[in-house]
Amino acid sequence: MTANAYDVIVIGGGISGLSAAKLLVDSGLNPVVLEARSRVGGRTYTVQNKETKWVDLGGAYIGPTQNRILRIAKQYGVKTYKVNEEESLVHYVKGKSYPFKGPFPPMWNPFAYMDYNNLWRTMDKMGMEIPKEAPWRAPHAEEWDKMTMQQLFDKICWTRSARRFATLFVNVNVTSEPHEVSALWFLWYVKQCGGTMRIFSTTNGGQERKFAGGANQISEGMARELGDRVKLSRAVCSIDQTGDLVEVRTVNEEVYKAKYVILAIPPGLNLKIHFNPELPPLRNQLIHRVPMGSVIKCMVYYKENFWRKKGYCGSMVIEEEDAPIGLTLDDTKPDGSVPAIMGFILARKSRKLANLTRDERKRRICEIYARVLGSEEALYPVHYEEKNWCEEEYSGGCYTAYFPPGIMTQFGRVLREPVGRLYFAGTETATEWSGYMEGAVQAGERASREVMCAMGKLHASQIWQSEPESMDVPARPFVTTFWERNLPSVGGFLKFMGVSSFLAAATAAGLVACKKGLLPRC
């Protein structure tokens, strides 16, 4: 082979691209990784400084059933620790704070409780109909894909409190608005993360743990192992498949050649690349139609854990339109040092507040923390970190790309479909924990096996492989109560009461008529 010639070119040095390259090397192949940034990690980004020791400004959370990322972390000796949830969480709504335990805030209004319960139960039930590997094949795919989550919430929610929390549920999980996302896509997204409880929970859920020392250790470990196969500051500008080898050009005028290419970047970033021949129509239209979510990740550091002294763990669920933050988690180091609270500015709020100065965002965040926690100590941080992922040229947003109405059924089937000698990875193409680091690993390794299958090195039946459960982070089932399984919806309850009232009235009228001899055989 000539210089800059490889078996496979992997475009994207995030977790997905690096895990793809790692598997190729482990299988005896010679890949190269081209990363546009001056660092590896993609949408994971760990910063080290004296104030924070280390801080994850990007993807950070892992939990039970995320077995692939846990396997790779273990290979590099990266330990996990549990996000603190020993004390009470806080639900802030209508200007008041309500401590609670568990993944979801309790509802004391019986109608609101029925509405909340029916919301989660209905989403999980609908998700059961959706195949993880092909959501467009769901029995009601066309109907659900034409509907936004806002329309679905309007259809199944009776109370304002349920609709309000449902909006936050979408904001938190996919950093977009209910009116922006397809119901089919969002229901699939929740389903492939294990359901409403698994995706939203800290304990036993997707946010249970973090990596001690930061999530970027995973990418850095793979990059060290790959050595000079990883090329930084190599933004790809063109891919030419017309020759015997695929030719990839970078903006710094380097040329790389290989038999196959794996694109391990968000679908929308394909628009930065010129393709020869042009992409097929559906693929070309898909990459124009899947925007990225919007989020600013914010860490506020304090002298001490004053919230724990008040009996709070640091998790806040904040339902107030003027509040910048929607959800927080404790971000204190596992040894108890560097007390901090992590908060997300989500979706519409991240776009609205992006024009503020950094100091103004910090001030507003500290003010809402002071109100929610009932402590003026929140007003006096010792340090602040933030990352607006919407300004990242080579991400375009975070956490993941989302599908607006109508896109999944028309274009979803080409998301992973190879184009000639081009194969597609990236967390968006995963079928388990898409949008998370776990999905990035699944997608990268699957794309590598697709390439090896094309090379004749393995059978097609070996492309998709399940992962053994992590023994270090076992998953526990979520147990529902009798009432959670059988409590009627508000609509069902009112219908039952209406029928019951009618029957009671009819019975009373019948008794009166019978007593007066107006009915025969009485």
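Backbone N, Cα and C define each Cβ position, glycine as well.
Remember, predicted model here, so these are calculated numbers, not experimental data.
What Swiss-Prot annotates here:
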type	residues	note
TOPO_DOM	1-492	topological domain 'Cytoplasmic'
SITE	C157	site 'Important for catalytic activity'
SITE	C366	site 'Important for catalytic activity'
SITE	H383	site 'Important for catalytic activity'
MOD_RES	C398	S-8alpha-FAD cysteine
TRANSMEM	493-513	transmembrane segment
TOPO_DOM	514-522	topological domain 'Mitochondrial intermembrane'
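Structure coloured by features recorded in Swiss-Prot.
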residue: C157; record: site 'Important for catalytic activity'; CB count, 10 Å: 24
residue: C366; record: site 'Important for catalytic activity'; CB count, 10 Å: 20
residue: H383; record: site 'Important for catalytic activity'; CB count, 10 Å: 16
residue: C398; record: S-8alpha-FAD cysteine; CB count, 10 Å: 27
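In the three-state DSSP scheme, C366 (site 'Important for catalytic activity') falls into the helix class.
Between the C-alpha atoms of C398 (S-8alpha-FAD cysteine) and C157 (site 'Important for catalytic activity'), the distance comes to 28 Å. Following the DSSP three-state reduction, the secondary structure of C157 (site 'Important for catalytic activity') is coil. Here the topological domain 'Cytoplasmic' (1-492) has a mean pLDDT of 96 out of 100. H383 (site 'Important for catalytic activity') and C366 (site 'Important for catalytic activity') are 11 Å apart (CA-CA, integer value). In this structure, the C-alpha atom of H383 (site 'Important for catalytic activity') lies 41 angstrom from that of C157 (site 'Important for catalytic activity').
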